[in-house]
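In what follows, a structure is listed as structure tokens, so that the remarks can point back to it.
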Amino acid sequence: MKAVVLLSGGLDSSTALYKAKADGADCYAISFDYRQRHRQELDSAVAIAQSAQVTQHQIVAFDLTLWGGSALTDTQIDLPSRSIEEMADHIPVTYVPARNSIFLSFALAYAETISAEQVYIGVNQLDYSGYPDCRPDFIQAMQEVFRLGTKLGREGQAIEICTPLINLHKSAIIELGNDLGVPWEQTWSCYSDGGGSPPLACGQCDSCQLRLAAFAQLGLSDPLSYAT
């Protein structure tokens, strides 16, 4: 069984990759260089793909800074500073317009080309920043796109979108990753680029806060280095 796995280099996508491997899939990882602010994640994606010994790792490059619209693609927009409790109140400025639609479309084309049966994505609807494209109704709609928009789908063999983390809290994702052997020290969750050696995560953005809180909830130390 072949599976394309969306791999950002973050905690969730890395766990999704290791889950796909545990499920017996022959894994083809796909990452995206869209000129994002947090380019450190690409180095992490390469490291994770190597550690997981994927069959192939593709990095697709395109430029979403051409129109910006997000703090992750426009450095003139400040990263938000808010509490975890405030994260579900509204869609934040770190939302990249239609990002998962774009990513899944690339993954679908890749999967159909290599005759993969599945596409894994590490979206999560419980501990998240309020993004609309991490929710079950979005995934269900994209599954229909996979069915209707491909030769395989029209012939009755639609590529399946697998979301093994969608109903897990961040702490449960870490527990699963621990069981699967995910090398957390190679992952990168921060919305800033980290600069320096070793790179330092900011500790303040939504993603850092959720990650740190989950490790703390489990009584574990996050192996990443933080500026604060």
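Note: Cβ is positioned from N, Cα and C throughout, glycine not excepted.
Swiss-Prot annotations:
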- LEU7, SER8, GLY9, GLY10, LEU11, ASP12, SER13, SER14, THR15, ALA16, LEU17: ATP binding site (BINDING)
- CYS190, CYS202, CYS205, CYS208: Zn(2+) binding site (BINDING)
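Just so you know, of the binding-site residues LEU7, LEU11, LEU17, CYS202, the Cβ with the fewest other Cβ atoms around it within 10 Å is the one at CYS202. Sequence-distant neighbours of CYS205 (Zn(2+) binding site) (same chain, six or more apart, CB under 8 Å from its CB) are LEU79, PRO80, THR94, CYS190, TYR191, SER192, listed in sequence order. Shown in sequence order, VAL5, LEU6, LEU7, ALA45, ILE121, GLY122 are the residues of the chain, 6+ apart in sequence, with a C-beta less than 8 angstroms from the C-beta of SER13 (ATP binding site). CYS202 (Zn(2+) binding site) and GLY9 (ATP binding site) have their C-alpha atoms 16 Å apart, to the nearest angstrom. Among the binding-site residues listed here, namely GLY9, LEU11, THR15, LEU11 has its C-alpha nearest to that of CYS208 (Zn(2+) binding site).
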